[in-house]
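Enquirer: Next up is a structure, given as structure tokens.
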Amino acid sequence: MDQTTNALRGEGIALSFGGIKVLKGLDVEFRAGEITGLIGPNGAGKTSLFNCLTGAYSPQQGTISYAGDRLNGLPPAARANKGIVRSFQHVALCPDLTVRENVMMGIARYGKAGWLSAFLPLPAGAREREEMARSADKALVDLGLPDVGDKFPAELPPGMQRLVEIARAVVGKPSVLMLDEPAAGLNNSETRDLTTVLRKLASTDLVLVVVEHDMDLVMSICDRIYVLNFGEFVAVGSPEEVRSNPDVIQIYLGSDDDE
Amino acid sequence: MSDQATHMTPDQTVLSRLSGVATSGVTTTVLVAALIFMPFLLGGSWTFTLGLCFANSIGVLAVSLLVRYGGEVSIGHTFFTALGAYSVGVLDVRYGISLWASVPLALLLGVTFGLLFAWPSRNLHGIYLAVTTLALALAVPEMINNFDALTGGYEGLYVSTPFIPGVSMGMQRYYVALVMLVIVCVAVARLRLSRQGMALLLAKTHPSAADAFGTRRVWARISIMGISGGIGALCGATLAFSGSTVSPGGFTFWQAIFLLVGSVVSFYGLSLPRVLIGGAFVTLVPQLLSASGAWIPVFYGLALLGMILLGHYMPRIRKAMAQKSEVA
């Protein structure tokens, strides 16, 4: 299948808060089968772009589409139903749910058991919960967290909480997966595990986008990188092209003069 | 860890860890068993009062559920309790229909009106939603009086049709309320483990995350108001049967406040023991203080303060006692 057929596209995306232009007419194409990195200094507009693509923000201008379907105007929940999911910069796990249950929320949208099953001991509800729990446990194992299902998020260190959030995002086998700073708070070993998981996830069907400050991670896993600064792209290309781009070196990675 | 704990299924582990020792299955079972035998130990008036206590516990649960799953406070739940109570009262007195039919109708009406209230108020939060529910509470007595041909106006209605023919009404008023309370508590415990319940909790704590995984926050708000309204109506239906009379005086603004107080006193607990504490506070404290005359509000306030402080410091007291016993 052509990589661009199932691409997540944004054309001319512009977003302002008051008089401040956060995104200035961005054109993006995140392709299936690739891992795309989105980097830039703090305040560059990375998370705002994420929010526009996932429906949390409505850009004032521009169109967003996935696999040819226009997404503008669709709320985040409707985009999630199309398989477009994300993780959050600040961990957003529910403290009242166990780790397993938090991960189960990643596939809750596929649930069919009705309200009666929620209150009465009907087999449909029990079966559904069992299946969801099994999928959640598998996702946790894939992320190197086999023994934490019964714990509550507050009992885990921040790095593990972030991995749980990633497990919640991947458990539903999304078609577009957008990870906002997935390696923040992870130690070296956890980051290595995450790298392995992300490489395993990359498939011909999945659009995988990673916003990240860990340059080693981005450079090692991404096929293509967008560099954002002050709401504009300053470079787009392979890790090698981005690494050698003088503008990127100047504004983001640091020039030789700084050393 | 005990063997019993290690052999629990994940669901059992969750419930066990959520509820703690005070509300464990054994405690609840013992409590229910004790309540089953209570009418044989107590006099008729206490049996009657405990029936009301169980009914009020359901109301406390309705308010606590809204807090725990919706993150919102209601000071107007008497609207739903009145709806349930008058469903039972009107069907009983006007049409001779017993609880078999009127309780499901009360539940349906409570859910329906909960949904109808939730839709226009779906974007209101915190104090704004609370004040909106207040409007419901203030409107209830007037509405009842305006429909006096049906509701009996100030005089109210006397519910006398037995639920189970052949069993004394005194016993029925007690046991029906107890069974209703147990059923509602079990249903709410099941909700916690369901996909819908988990989605409601996620929507309460992280609406953006819930949205991002397919749970619309509007759905969450409307659903929890519907459920809470339905349980509120069941409270009213039980009150009507156990209390035998339905009149506007039972559904005033102050009654709505008392339900909220009961919810606070039970620390928004949803387990049977916790809601019973709330229900007992709503029902028994005013009765125990009835001989205090003008001092009733003062003593009620002190009792409320005492309960809150006890709940607040109890974990520390328990911890200190445990440390002391370890040292000993």
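In case you wondered, yes, glycine gets a Cβ from its N, Cα and C as well.
Pasting the feature list from TrEMBL:
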type	residues	note
TRANSMEM	B:21-42	transmembrane segment
TRANSMEM	B:48-67	transmembrane segment
TRANSMEM	B:74-91	transmembrane segment
TRANSMEM	B:97-119	transmembrane segment
TRANSMEM	B:126-144	transmembrane segment
TRANSMEM	B:174-193	transmembrane segment
TRANSMEM	B:218-241	transmembrane segment
TRANSMEM	B:253-270	transmembrane segment
TRANSMEM	B:298-315	transmembrane segment
Enquirer: At a threshold of under 8 Å on Cβ distances, which of B:48-67, B:74-91, B:174-193, B:218-241, B:253-270 pairs most often with the transmembrane segment (B:97-119)?
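Expert: Answer is B:218-241, with the largest number of Cβ pairs below 8 Å.
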Enquirer: For the transmembrane segment (B:126-144), find every same-chain residue at least 6 residues outside the stretch whose CB is under 8 Å from a CB in it, and list them.
Expert: 72-79, 82, 86, 117, 151, 153, 248-249, 251-253, 256
Enquirer: Take a look at B:21-42, B:74-91, B:174-193, B:218-241, B:298-315 and tell me which one has the most Cβ pairs under 8 Å to the transmembrane segment (B:253-270).
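Expert: Result: B:74-91.
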Enquirer: For the transmembrane segment (B:21-42), what are the same-chain contacts with Cβ under 8 Å, counting residues 6+ beyond its ends?
Expert: 50, 170-171, 174-175, 178, 182, 269, 271-274, 276
Enquirer: Let me spell it out: take the transmembrane segment (B:298-315), skip the flanking residues so only those 6+ beyond its ends count, and list any with a Cβ under 8 Å from a Cβ in it.
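Expert: Distal contacts: 261, 264-265, 267, 281, 285-286, 289, 292.
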